[in-house]
Amino acid sequence: DEPLKTDLVSPPVCGNYFVEVGEDCDCGSPATCRDSCCDAATCKLRQGAQCREGLCCDQCRFKGAGTECRAATDECDMADLCTGRSAECTDRFQRNGQPCQNNNG
């Protein structure tokens, strides 16, 4: 488990592999960083980068709106789609009251 940003009590240190308050990313020192989306000297996303990880992030850019990021698991679930504005894959499901799984879902 990664610690929460708020769990770290010392001042933020760029290059310690922990994303702390004020940092977008932290991939270690400039000599060791292998993250093409992160500027290791500033712990900020590189110019033009929108994201660095997530099911809706591809090569430092958000995947297009409507791109499937997770398939439906059953008839009560729906395929999850990227918004084009976030690296997160939001969970979609049938609305409450919608019959599914032989009215057991």
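Yeah, the Cβs are placed from backbone N, Cα and C, and that goes for glycine too.
Sequence annotations record features per position, and here Swiss-Prot assigns domain 'Disintegrin' to 11-96 based on sequence analysis. Among the features that Swiss-Prot reports, disulfide bond is placed at Cys25-Cys43, Cys27-Cys38, Cys37-Cys60, Cys51-Cys57, Cys56-Cys82, Cys69-Cys89.
Overlay of Swiss-Prot annotations on the structure.
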| residue | record | DSSP (3 states) |
| --- | --- | --- |
| Cys25 | disulfide bond | coil |
| Cys37 | disulfide bond | coil |
| Cys51 | disulfide bond | coil |
| Cys56 | disulfide bond | coil |
| Cys69 | disulfide bond | strand |
| Cys82 | disulfide bond | coil |
| Cys89 | disulfide bond | coil |
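The Cβ of Cys27 (disulfide bond) has 20 neighbouring Cβ atoms from other residues within 10 Å, across all protein chains displayed.
Using a 10 Å Cα-Cα cut-off from Cys37 (disulfide bond), the disulfide-bonded residues that qualify among Cys25, Cys51, Cys56, Cys69, Cys82 are Cys25, Cys51. The average pLDDT for the domain 'Disintegrin' (11-96) in the predicted structure is 93. The Cβ neighbour count for Cys82 (disulfide bond), using a 10 Å radius over every protein chain in view, is 24. Of all the Cβ atoms in the protein chains shown, 19 others lie within 10 Å of the Cβ of Cys37 (disulfide bond). Close to Cys89 (disulfide bond) in the fold, though at least 6 residues off in sequence, lie Gly54, Leu55, Cys56, Cys69, Arg70, Asp80, Cys82, each with a CB less than 8 Å from its CB. Rounded to a whole number, the distance between the Cα atoms of Cys38 (disulfide bond) and Cys57 (disulfide bond) is 13 Å. Among the disulfide-bonded residues Cys27, Cys51, Cys60, the ones whose Cα sits within 10 Å of the Cα of Cys43 (disulfide bond) are Cys27, in sequence order. Between the CA atoms of Cys38 (disulfide bond) and Cys25 (disulfide bond) there is a gap of 6 Å, rounded to the nearest whole number.
Rounded to a whole value, the Cα-Cα separation of Cys27 (disulfide bond) and Cys51 (disulfide bond) is 14 Å. Cys25 (disulfide bond) and Cys51 (disulfide bond) have their C-alpha atoms 9 Å apart, to the nearest angstrom. Counting every protein chain shown, the Cβ of Cys43 (disulfide bond) has 23 other Cβ atoms within 10 Å.
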